[in-house]
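Novice: Here it is: the structure, laid out below.
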């Protein structure tokens, strides 16, 4: 039985967060909508990518520079990396900003599915742990890889629900459950979430958090969807903590069978 | 002096001799950026004392939206 503090917060490495929603910052229609979506989501952790500045347009606005950085923990990703070496290079650049020491290790192995390369991901995690990063690898729903990474010392594992940006929801709930049941470290379901129902379902399985981006940024009303995701993740978590009823193939009456008027 | 910044070859003015000068020249001195010189990170505290040489390869990166 968890005490109420633990059940309420998400602990990753040395950090503790009130919100179990990790929000991506890509692809919003504009900064104003994005700012409002971030606000109503009540997310504590925001993900970012690391990219070259445009040397010909130094005045370009930047979302991160508009944020109150005391209110958020940054989770930069290594998106774009195709091997461990590239991922480590991006991670070091992110950390050198002095703004963060968490890193989402994302090493893509296939550009059609955007599925992660497990071997390069593992190697990158190994190197980054040696450099004292707080390491959160994005992985496919590979139960054994999750176990191996936990043994290596990563601070959380982030299995995908379905391909990045697909909105397909949880395509393999069974494997996600296996990962969740075996893990002593946080499991954050990352990628593929389409609806609040998907996010709630992930939390009902016992996930410690959900990371999503496109589901909010690409919604008809991103601000409303951000609010919906917040509620869904809270509802799913409460449902998990409450303990669901077992599934049965036959009906069981809810009303008494005795005392019927004949 | 000719250097490559973010893949773009550029000719620097005479007085642009350090990483700090380069950021000022590019009007990026007040932005949240991280600099890499020939694949080694140059920390902010070292920007003023890190000199540039002809043929250097510089990366200037920042945080952008991403998931």
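Placement of Cβ uses the backbone N, Cα and C atoms for every residue, glycine included.
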Novice: From A:153, A:165, A:239, A:243, grab the residue that TrEMBL records in the same 1-deoxy-D-xylulose 5-phosphate site as A:191, A:192, A:213, A:214.
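Specialist: For 1-deoxy-D-xylulose 5-phosphate, TrEMBL names A:191, A:192, A:213, A:214; of A:153, A:165, A:239, A:243, the listed one is A:165.
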Novice: Three-state secondary structure of residue A:214 (1-deoxy-D-xylulose 5-phosphate binding site) from DSSP?
Specialist: helix
Novice: Return the count of C-beta atoms lying within 10 angstroms of the C-beta of residue A:213 (1-deoxy-D-xylulose 5-phosphate binding site), excluding that atom itself.
Specialist: 24
Novice: Which entry in the list of binding-site residues, A:165, A:192, has its Cβ near the fewest other Cβ atoms, using 10 Å as the limit?
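Specialist: Relative to the other binding-site residues in A:165, A:192, A:165 has the fewest Cβ atoms within 10 Å.
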Novice: Name, in the order they occur in the sequence, the residues of the same chain whose CB lies under 8 A from the CB of residue A:214 (1-deoxy-D-xylulose 5-phosphate binding site) and which sit 6 or more residues away.
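Specialist: Residue A:214 (1-deoxy-D-xylulose 5-phosphate binding site) has long-range Cβ partners A:24, A:26, A:27, A:164, A:165, A:167.
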